[in-house]
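Student: Got a structure for you, written out below as structure tokens; questions coming shortly.
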Amino acid sequence: MKKIIQRILEFSLVGKIALIVIGFFIVLAIFSSQLSHYPYDLPSGAALQPPSREHWMGTDDLGIDIWAQLCYGARVSIMVGFTTAFLSVAGGGLVGVCAGYYGGKIDGWMMRLTDLMMIIPQLPMMIVLGAFFGPSLKNIIFVLTLFSWTAPARIVRSKVLSIKEEKYILVAKSYGAGFFYMIQKHFLPQTFSLMMVSFIQLISRAIVAEAGLSFLGLGDPTSKSWGLMLNHGMAFRGIYFTDFWKWWILFPLVCILTMVLAVSFVGKEIERKEVSSYGKTTTKG
Amino acid sequence: MFFMIQERFIKIRSYIITFLCIITLNFFIPRLMPGDPFTFLSAEEGQIHTTFSYEDIQRYKSYYGLEQSLGRQYINYINNLFRGNLGYSIAYKEEVVTIIKNRMVWTLSLVVAAIFFSSLIGVILGSLSAYKRNTFLDKILYFDLIVLSEIPAFLIALLLLFFFSAHLKLFPLSGGISHFTAFTSFGEKAYDVLHHGTLPLLALILTRTGTFYLLTRNSMIHILEKDYMRTARGKGLKKGRILFLHGLKNAIPPVVTRIFLSLGSILGGAVLVENVFRYPGVGSLMREAVFLRDYPLIQGIFLIMTLLVIVMNYIAEILYKKMDPRVS
């Protein structure tokens, strides 16, 4: 814990601000039902009211409070982002360790598969799959994971390949260490920081992808996410000719924007730290 | 010589295998989708109030070959594909190839223009930034472009749309060309198309410039530290000559490959941006097709997009070898 705090204190100013922003959204997501007086899925006032004291971010065309929707949307976005990133890093990491450790045919097939996944244009494929699986949060997470596991798998594989021939690994192997023992004792600690960087990058990618899919109308219609709010807003006929967009479109848009930027800045911060400390240890040794 | 041909053959083969995998995937996915085109068309949806009798459904099913076994359908599909026949669209009642061809012009011109301008701006700013490394200008450029490249294109598109079109009313709100107007001259028509295309193009350029900028900057910084650059400076050559003739020539190969490799992601961005502006390209078509459960059309769009991306990947690889003789 001390180490983590130490680490955060070493962040640059932008990194610290980004971290605070993420913290804010996480608080919003956890306490969403306490923070807003109104329900996110039921009308609670007149339709299309500008921000006022009562509805301090206004209401949409059904009279649903925007602030309540935003709070709930934070929950959806963060859940999708974290779950997707966790699943892909865990799954991709395992695949990467297997490929790097066993080598040979498994490795060849895995590399070919990741090559294939990299060539496919992702968003069109996600649209097709999203339509095929039907709109629900679980399916969105599944589809996003399907396209995200390759990056951590590749990173972990190359790291495992580079440490596989080290003496201590060979010694451990000759003492009869099993695959899972090796993962736990040697591979996981050494690849952990790389996986962490990958994890953060995937969070922001997943949030963007979820917003994009929901914006196209392929999101879960029962759970109001930020992308879905944009979708509803854009579907409203008079949206261009009235002032409604100033709260209906702008607030969710700004939310996605700040969240994505904050996550990617934290990612860059960790990455930079990682690269510099990596350089130090190699020059020292 | 023989060795090189063989190597190239292996490369081509791996691309062909990739393409076959995608064809197979492409064939199975729409068929596993829940719902079928007939139940959807029978339902009340917008202006469509068609009801099909059982006999009609059977007739159409046999017409489209939907009652055959999956294996047969697959063989037919591949057969037709290699004859350039992607089938008829169920919803639009037109040949898929013609629909896509008509719409693809819009998307491709948007994407190509976006790639061209963003790489040009990215390369210029990148070399400038590398040359003036660690100055105020470099830091400002670096920060701004990193921020821009992290923002998804469709959010920028939305901001542009509401600020420039809805608020300031400088640009048209949607579409690719004004409808129901007779253009007196070619110039007028071209202006109209450009007027509609500016904002979508701007959104794509803004988000894509960052990658090219970063790549050029890194590559250029690496090159500027080389000995021959010091020699060039020592000879008293002009700044522009050093930077562009000696530096850029060596720094550019990775950028050029990235230009071709970036097609896949820029197409993804374009799909969303097109939907923001209701631009009449393939992106909007894809969304319409998914909602109408138009199997052949979805398949066709996805296939052509993937084919484009694969071809571009291949070109990138060849170009890199041609431009950088050190890579063998």
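A Cβ is built for glycine as well, from the same backbone N, Cα and C atoms used for every other residue.
Pulled the feature table from TrEMBL, pasting it below:
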TRANSMEM  B:12-29  transmembrane segment
DOMAIN    B:104-316  domain 'ABC transmembrane type-1'
TRANSMEM  B:104-128  transmembrane segment
TRANSMEM  B:140-164  transmembrane segment
TRANSMEM  B:193-216  transmembrane segment
TRANSMEM  B:255-277  transmembrane segment
TRANSMEM  B:297-316  transmembrane segment
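Map these features onto the structure and tell me what's around them.
Tutor: If one looks beyond the transmembrane segment (B:12-29) by at least 6 residues along the same chain, the residues whose Cβ comes under 8 Å of a Cβ in the stretch are 73-74, 77-78, 81, 299, 302-303, 306-307, 310, 313-314.
Residues 125, 128-129, 170-171, 173, 199-200, 202-204, 206-211, 213-214, 217, 269-270, 272-273, 275-277 of the same chain sit 6 or more residues outside the transmembrane segment (B:140-164) yet have a Cβ under 8 Å from a Cβ within it.
Beyond the transmembrane segment (B:193-216), the same-chain residues lying 6 or more positions past its ends with a Cβ under 8 Å from any Cβ of the stretch are 109-111, 113-115, 117-119, 121-123, 125-127, 129-130, 141, 145-146, 148-154, 156-157, 160-161, 164-165, 171-172, 175-178, 251-252, 254-255, 258-259, 262, 266, 269-270, 273-274, 276-277, 279.
Using a Cβ-Cβ cut-off under 8 Å and counting only residues 6 or more beyond its ends in the same chain, the transmembrane segment (B:255-277) has close neighbours at 106-107, 110-111, 114-115, 119, 122-123, 152-154, 157-158, 161, 173-175, 196, 199-200, 203-204, 207-208, 211-212, 215-216, 219, 283-284, 286-287, 305, 308-309, 312-313, 315-317, 319-320, 323.
If you look at the transmembrane segment (B:297-316), the same-chain residues 6 or more away from its ends with a CB under 8 A from one of its CBs are 11-12, 15, 18-19, 22-23, 26-27, 30, 81, 86-87, 89-92, 96-97, 99-100, 104, 256-261, 263-264, 267, 282, 285-286, 289-290.
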